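The structure under discussion appears below in the form of structure tokens.
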Amino acid sequence: TLHQPGDELLPFIDDLLLLSAGHVVYHGALADADNAFAGFERPKGVNATDHYLELAADVDAVNVFIDRWKAAHPAGSVAAEDKVEAGQADTPAVAALCAPHAGLRQPGAGFLALVRRSFTATVLRAHKPSLVGRFVALNIIMPLIVGVAMYDQAGSVVTVQNAAFSFVMGVSFAAVMTPVMDLHLERLNFLREQESDAYSPVAYFAASTIAALPLDLLGMLVGCGVVYGLVGFRSDAGSFFLFVLAAFLQQQASTGVGYIIGVALHSLVVAAAFAMLVAVVFSTGAGVIVAPQTMDDSRWMTGLEFLAPTRHSMLLMVDEEMRHRPGGEELVKKVLGFDRAWDERWVLWLNLVAVVVAFRVFAALLFKLSTRPKTYRGADNATA
């Protein structure tokens, strides 16, 4: 492709496709373009591509051309937007450009197409070494560091807490940063497709969430297995399942926070810094850096306890390990200080699920509110 080719290159271009907000303004021979834009003649000496782009940027003018095109092609219009929906294109080059967007607006199948696109674009990534490197770093190296540092240290309630806290804190930092990076890479594509009404913002968020689940779950299984084995937690399938479930839910809650930050803050530098700050705040609410008894003296710290998924998942891991030991539950209460009504196991599970749902729903609402209004309104509704 060429970016606004000059007059010396125009004779070598045969076909022109001009789009605005995903709608076809003109598609045909370049030599016939001036005739198609009758009533908006190109001033003498002005480059053709500059003139066409200026017309496409003029809301009122472009509405006229879009309506002309649709009127001239009443049978669904042989437009690029329709060929994208049908998965067709005139040339291999156009087909390659249309492939990532094919089928997005088709009912039912469109959501599946969006899930596939999200899985390919943001989960598998275009650069395979970066995918493997990130997976190894977050789900093998980080758990290895925790496991080696706390190797065979599951003998006391304090070391069990330290191991669980170190692991969930690492998971929190990684999970909150991932969507911030993904949204930075996908933002322009997302906004462009929103203007063309390719799908709803909530559908994009849901597809991104579903697409990431297989790799998230696999990563948690690997990471939890490394930590669980090296630290020396209880050798029981049921306990390991609950350990993985607590870590997975905590990861999903932190990912929801990352989506909230990524949507609200467009600057990658600011969003990344804020994401790290939130992860630190959640870690503070876990009751390790600040003792639970100290938190009881502060309303905002007590509220932070309920919002911090790091706390819920860590305490569930500790509780599951200690409750099978003689006097283990009493040690959690007396030594660690988790003896309040909201430290009960069923309350912790309920709070953890609640923060996952709350953060995800809030992120979906932000997606909906962050989208820009569509440019095309139709000639009948255009303002002078």
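For all residues, glycine too, the Cβ spot is worked out from N, Cα and C.
Taken from TrEMBL, the feature domain 'ABC-2 type transporter transmembrane' applies to 111-314. The transmembrane segment annotation in TrEMBL covers 131-151, 163-181, 202-228, 240-261, 268-291, 346-367.
Residues 201-202, 204-206, 209, 246, 249-250, 252-253, 256-257, 259-260, 263-264, 306-307, 309, 312-313, 315-316, 319 of the same chain sit 6 or more residues outside the transmembrane segment (346-367) yet have a Cβ under 8 Å from a Cβ within it. Two recorded stretches are said to be in contact when at least 3 C-beta pairs lie under 8 angstroms, sequence spacing 6 or more; the transmembrane segment (202-228) and the transmembrane segment (268-291) fall short of this definition.
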